[in-house]
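K.L.:
For reference, TrEMBL lists these features for the protein:
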| type | residues | note |
| --- | --- | --- |
| REGION | 1-24 | region 'Disordered' |
| TRANSMEM | 95-111 | transmembrane segment |
| TRANSMEM | 117-138 | transmembrane segment |
| TRANSMEM | 150-172 | transmembrane segment |
| TRANSMEM | 217-241 | transmembrane segment |
| TRANSMEM | 253-277 | transmembrane segment |
| TRANSMEM | 305-327 | transmembrane segment |
| TRANSMEM | 334-351 | transmembrane segment |
| TRANSMEM | 357-374 | transmembrane segment |
| TRANSMEM | 395-414 | transmembrane segment |
């Protein structure tokens with residue numbers, strides 16, 4: 001690769017004679033958020049401790065997939081019982097991600113640690129380890145592209161950002177995809193860096209014989225990311241094509257690197273899925289057919305095309321947004337900023353949009369925030385003693401902390417916590433023999449399920465499997481439309497259940513049915529101060545039959 005390409009990788013646009021100076025080297029004095037961080041091991045130690053605390057603080061419910069598409073499946077694999085949603089019956093999901101946590105469950109069972117607390121916290125603690133390595137690789141990526149100082153401010157941004165704190169330790173496939181994306185990009189840019197001297201003929205000849213191992217490792221990580229989330233191909237298509245255009249040995253790259261690595265990972269994951277499904281299922285093909293070609297995801301709601309740019313991503317990056325824009329302009333690192341824009345743009349084409357879908361590019365945007373903070377930390381020693389008021393850097397750091405940390409704690413500890421609390425309560429009651437069967441009269445997948453209860457008793461929730469005929473209401477929608485009539489029509493006598501769980505907003509509609517069937521309120525848990533996408537669900541209520549009390 002040419003020296004011109006090396007310049008672009010470092011943040012300079014094509015044709016610029018004078019690239020912007022690194023914030024590390026521009027001025028003799030600078031401020032670093034963690035001066036003691038001198039090695040990658042110290043960064044990893046900090047990240048591990050921070051993310052472990054982060055995971056232990058999670059008390060709220062964010063997205064059904066963290067339970068129903070991962071832990072519930074893992075629990076079924078490990079213990080033989082658990083609910084598989086309709087996606088698994090259609091072969092839309094790979095077992096690769098749930099099997100990681102199934103192995104964890106098996107270890108807990110062997111050690112006799114499969115208690116209610118460990119069943120809830122252990123998966124998040126395992127994910128916190130993955131998240132910590134994601135923090136480390138973001139630090140290393142920032143250091144490779146920019147400087148140590150930028151890397152330290154990037155780590156600060158990553159740890160302080162409210163959405164990363166809220167989401168990254170949850171067992172969503174998007175969380176692991178984010179870690180793999182950052183790690184893969186680090187190794188990809190390492191390969192680019194190692195090729196900076198290929199303008200010399202002898203070195204070019206040596207490079208043409210064998211590629212840098214970092215690029216093969218990056219391709220392997222990219223393939224694993226796509227196996228877990230097929231839509232991760234959107235990210236790696238951009239990264240690969242951008243370098244492919246400038247490559248001299250294009251055929252070698254495609255036929256000796258991309259295809260072999262991709263084929264091996266695809267073969268292994270496909271055989272794994274065939275074994276777990278018990279039939280010949282090609283998950284990536286089914287996933288893409290349903291979500292891209294048939295717009296099946298639209299069943300769960302759609303947003304306007306500009307939602308990611310105007311609402312979704314700004315809400316995630318929050319008050320770091322002005323700094324990220326500043327960092328993009330100042331650094332002129334168009335490859336990474338182009339990747340962010342590309343991912344947001346492609347996902348905008350799809351009707352169904354969620355915050356978590358674009359989580360993998362949030363750390364990249366925070367890297368530009370780190371660049372801007374590093375640039376603000378530069379000052380001359382003479383001005384240091386003249387300043388009596390707060391500097392721009394100090395004001396920025398204070399504002400970032402007070403606008404992110406309280407929000408992160410509120411979202412982790414309070415917002416939508418009732419559905420987590422109620423399952424933890426039912427789990428303890430079931431293990432003590434006081435729960436025989438449970439009916440959830442609430443929108444589908446509103447709570448965790450067997451993976452938290454960890455007790456094999458009959459349970460029933462309202463189904464929301466997409467119908468082949470448009471306009472057909474599922475059980476969840478029918479219940480919300482007319483709660484009392486639906487319960488009487490579908491369940492009739494409620495005495496077959498020992499416990500019933502429902503939101504306060506629907507409680508008043510079926511209260512007379514509950515009292516008629518000898519149910520009494522036994523617990524009420526706070527859930528939310530404001531509504532999300534339905535009526536205000538301020539609390540979660542548990543009713544139990546009189547003879548069970």
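Cβ coordinates come from backbone N, Cα and C, glycine included.
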K.L.:
Quick one: do the transmembrane segment (334-351) and the transmembrane segment (253-277) reach 3+ CB pairs under 8 Å, ignoring pairs fewer than 6 apart in sequence?
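P.N.:
Taking Cβ pairs at least 6 residues apart, the transmembrane segment (253-277) and the transmembrane segment (334-351) are not in contact, as fewer than 3 fall under 8 Å.
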K.L.:
Spell out yes or no: are there three or more C-beta pairs under 8 angstroms between the transmembrane segment (95-111) and the transmembrane segment (395-414), with each pair 6 or more apart in sequence?
P.N.:
no
K.L.:
Same-chain Cβ contacts of the transmembrane segment (253-277) under 8 Å, 6 or more residues past its ends?
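P.N.:
For the transmembrane segment (253-277), the nonlocal Cβ contacts are 77, 91, 94-96, 99, 211, 215-216, 219-220, 223-224, 226-227, 240, 244, 247, 283-284.
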